[in-house]
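S.K.: Take a look at the following structure, please.
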Amino acid sequence: MSKKLFIQTLGCAMNVRDSEHMIAELEAKEGYTLTDDPKEADLILINTCSVREKPERKLFSEIGQFSKEKKEEAKIGVCGCTASHLGSEILKKAPSVSFVLGARNVSKISRVIHQEKAVEVATDYDDSSYVFATGSRNDYKAMVNISIGCDKKCAYCIVPHTRGQEISVPSDLILGEARRLASAGVKEILLLGQNVNHYGRRFSSAHPKISFTELLRELSQVEGIERLRFTSPHPLHMDDEFLEEFASNPKICKSIHMPLQSGSTRILSLMRRGYSQEWFINRVERLKALAPETTIGTDIIVGFPGESEEDFLGTMEVLERVRFETLYSFVYSPRPHTEAASWENLVDEEVASERLHRLQARHKEILEELNQKEVGAIHSVLWEHQRRDEGWCEGRTDTGKMVRMKGGEEFLGRITPVRIKEAYRAFLIGEPL
C-alpha cells in the first residue's frame, strides 16, 4: 500500500508552486500519493504564510488539530515562510512537529522527512533552488519560478527575511522548463517572482544578462505555449520598453497585477515603495493607452502607521481612477524584522477596519459595474476545469476573467471564442460561437 500525503497550502502563488514541487518530489522519489483527508495521511505538510500575523498565530491551533486527528505514526512537517521565520521555535511550541523546512529549502523535502526534529531554514543560495517541479495540479496551466527572494526593503514586509536575497533563475533553465511543459500539453505559463519584473539583476554565477522584457520575448517563441502571465511585478520597474512589449506581444495575457499598497504619496514614502501616487497613475495611463483592454489588479494595506483620513482618501481616489478588477486588501499587520514593526503611531483598530470595509464595499460595486459591461462581448477562453455535477466548464479569458459555459470534456485544454451572455461579480456566463 502506498504512503499517503496531505498538504495544506496557505498564502501566495509562490507557496502554491512550492507545494507542487514538494508533492512531485515525494510522489516520484518516496512513493507518496496525495490525499485530501489528513486522518489517513502518513505525512502532513503545512505550507505556511507569514505576511500577516493572524495566519502565523493560527498555525499552532492547526498543528494541534492535526495532531489529534492523525494516525499515531504519521509525521507533521511545517514548511514555508513561517518556518523560515520561526525555525526551531516551532518545535519548542509544538512537540508533535517532526521537522521544519523553510521557504528556500523545499527541494530538500525528500531528505528531511527521514530526519527527526530537523530544521532547514537557510536563506542563502544553493543550486537546488533551481530545481523545477516535475508535476502540476493542472494539465493545461503551470507555474514557473523565474526568481527567488527579494531585495526590496518595504517597511512592512517580512518576505526578504523569510525568502532571502533575490536571485534570478538562468534563462536557459526557464526556457528549457517551458519547452518541457509545452511538450506535456501545457498551454499557459504563469511566471513567478516576488518582484517578477526585476528579473535579470543578479544571477548566482556567470550567465548571459537578460532582462524580464527579453525573457518574455524568448518565452513567446516556445512552440505550444499560447499564453504568458506573471506575478507580481513592481510598479517601479514598469518602464516603457516593458509596457510596449506587454501591449504588443499577443501571447502575453492582457491582465496585470500592480501592487499599489497605498494611494497616498506620503504613506508610500513611509512604506519605502519608491514611487508616488502620480508615478503609479502615470504607469496605468501609459499601459491603458497601449492596451486599453487590460485588466488591472492590486494589493492595498489600510491602517499603515500614521495613515490619516486624507491619506486613505488618496487610496480611494486611485481605486476610482484605475477601477481595479481584483483587490487583495488587508489591515496593516506589524511583522518582526521589518522597519515599521517598532513604529508607535498605529492607527486605531476600529478606524482601520472601517476603512477596509469602505474600500472593499466600493470595490465590489466597481467589479459588478465592470462585469456588467462584458455582456455581449466576445472573449477567447482557455477551458481548465469541468464541474461534472453541474455540467459546466470553467476557464479564463485573456484578461483574467472567470467564465462558465455549458459543456463537456471536449472543451478542456482548448482556447475557444465565447460570447458573454450573463455577468455576476465572481464570474461570467458564456455561450460558444
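Each residue, glycine too, has its Cβ placed from N, Cα and C.
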S.K.: Among Cys81, Cys150, which residue does Swiss-Prot name as a further [4Fe-4S] cluster 1 binder in the site formed by Cys12, Cys49?
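M.R.: For the [4Fe-4S] cluster 1 site that includes Cys12, Cys49, Swiss-Prot also lists Cys81.
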S.K.: Reported in the order helix, strand, coil, what are the DSSP residue counts of the domain 'TRAM' (372-433)?
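M.R.: Counting residues per DSSP class in the domain 'TRAM' (372-433), I get 4 helix, 35 strand, 23 coil.
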S.K.: Relative to the Cβ position of Cys157 ([4Fe-4S] cluster 2 binding site), how many further Cβ atoms are located within 10 Å?
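M.R.: Taking all protein chains shown, Cys157 ([4Fe-4S] cluster 2 binding site) has 22 Cβ neighbours within 10 Å.
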S.K.: Counting every protein chain present, what is the number of Cβ atoms, excluding its own, within 10 Å of the Cβ of Cys150 ([4Fe-4S] cluster 2 binding site)?
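M.R.: A count of 21.
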S.K.: C-alpha of Cys154 ([4Fe-4S] cluster 2 binding site) to C-alpha of Cys81 ([4Fe-4S] cluster 1 binding site): distance in Å?
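M.R.: Checking the Cα atoms of Cys154 ([4Fe-4S] cluster 2 binding site) and Cys81 ([4Fe-4S] cluster 1 binding site) gives a distance of 17 Å.
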S.K.: List, in sequence order, the same-chain residues at least six positions removed whose CB sits under 8 Å from that of Cys81 ([4Fe-4S] cluster 1 binding site)?
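M.R.: Spatial neighbours, sequence-distant, of Cys81 ([4Fe-4S] cluster 1 binding site): Gly11, Asn15, Thr48, Cys49, Ser50, Val51, Gly102, Ala103, Ile158, Val159, Thr162, Arg163.
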S.K.: From the centroid of the CB atoms of Cys150, Cys154, Cys157, the recorded [4Fe-4S] cluster 2 site, which same-chain residues not already listed sit within 8 A by their CB, in sequence order?
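M.R.: Same chain, not in Cys150, Cys154, Cys157, Cβ within 8 Å: Lys152, Lys153, Tyr156, Ile158, Val159, Pro160, Gln194.
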